[in-house]
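Taken verbatim from TrEMBL:
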DOMAIN    6-184  domain 'Guanylate kinase-like'
BINDING   13, 14, 15, 16, 17, 18, 19, 20  ATP binding site
Ligand SMILES: Nc1ncnc2c1ncn2[C@@H]1O[C@H](COP(=O)(O)OP(=O)(O)OP(=O)(O)O)[C@@H](O)[C@H]1O
Ligand SMILES: Nc1nc2c(ncn2[C@@H]2O[C@H](COP(=O)(O)O)[C@@H](O)[C@H]2O)c(=O)[nH]1
């Protein structure tokens, strides 16, 4: 039980901090992680694709998923729903593979309630000014949406204490390599605990 399931890693942080950028680079270098593609009611951005960036749903479809218990967590973030498919995460973890979620803070808090053994990583901006520059320069949001996302950012940063690790995304490569170290060290930690657990069972039998 202790050593056979995959580990659930959760990456959060304010909008525009670079979660998607860091996650994509991390996945270029690792085949050992499964990315859980989220459901959302937000409009598809230019260059995004169904089943790659998100599963795009209508409001009614999303609310049906909630009613059917199909979501591990969900949140309303700046006027849209976002949620994690329960079955994919549970089946993948059960198969022994690690799962990586990239979600906002309200969702991460829900996941922590169900998976306290998960590993929660908060990606932190070098400064609030740089955070604003990144969202603005990405060019995907209206002026209003940028302001709403920045307002949310302050609440999200206030929740940083809930996380196990904080990684500053000053430089993408450095942030990726810090997350790789976290993943490696969590595996070592769990293998050590599993060995000790087996040893105790052996001694008791
Ligand atoms: N370390 C970095 N230095 C400079 N620019 C960065 C860095 N990391 C990401 N960016 C840029 O910041 C912008 C926002 O990044 P990204 O879309 O990955 O953020 P996000 O946290 O996933 O945002 P959201 O939560 O809104 O989806 C992008 O234009 C990206 O290229
Ligand atoms: N609670 C959840 N949050 C999610 C999920 N998938 C993505 N997100 C987060 O939403 C915001 C906005 O995303 P954007 O693509 O519109 O910029 C961002 O913080 C994402 O990480 C999810 O399944 N659940």
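Each residue, glycine too, has its Cβ placed from N, Cα and C.
Structure coloured by features recorded in TrEMBL.
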residue	record	Cβ within 10 Å
13	ATP binding site	28
14	ATP binding site	26
15	ATP binding site	21
16	ATP binding site	23
17	ATP binding site	27
18	ATP binding site	23
19	ATP binding site	21
20	ATP binding site	13
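The Cβ centroid of 13, 14, 15, 16, 17, 18, 19, 20 marks the ATP site; residues of that chain outside this set whose Cβ lies within 8 Å of it are 123, 125, 131, 134, 169, given in sequence order. Close to ligand 2, meaning a Cβ under 6 Å from one of its atoms, are these of the binding-site residues 13, 15, 16, 17, 18, 20: 15. Ligand 1 lies under 6 Å from the Cβ of 15, 17, 18, 19, out of the binding-site residues 14, 15, 17, 18, 19. Secondary structure at residue 19 (ATP binding site), as computed by DSSP, is helix.
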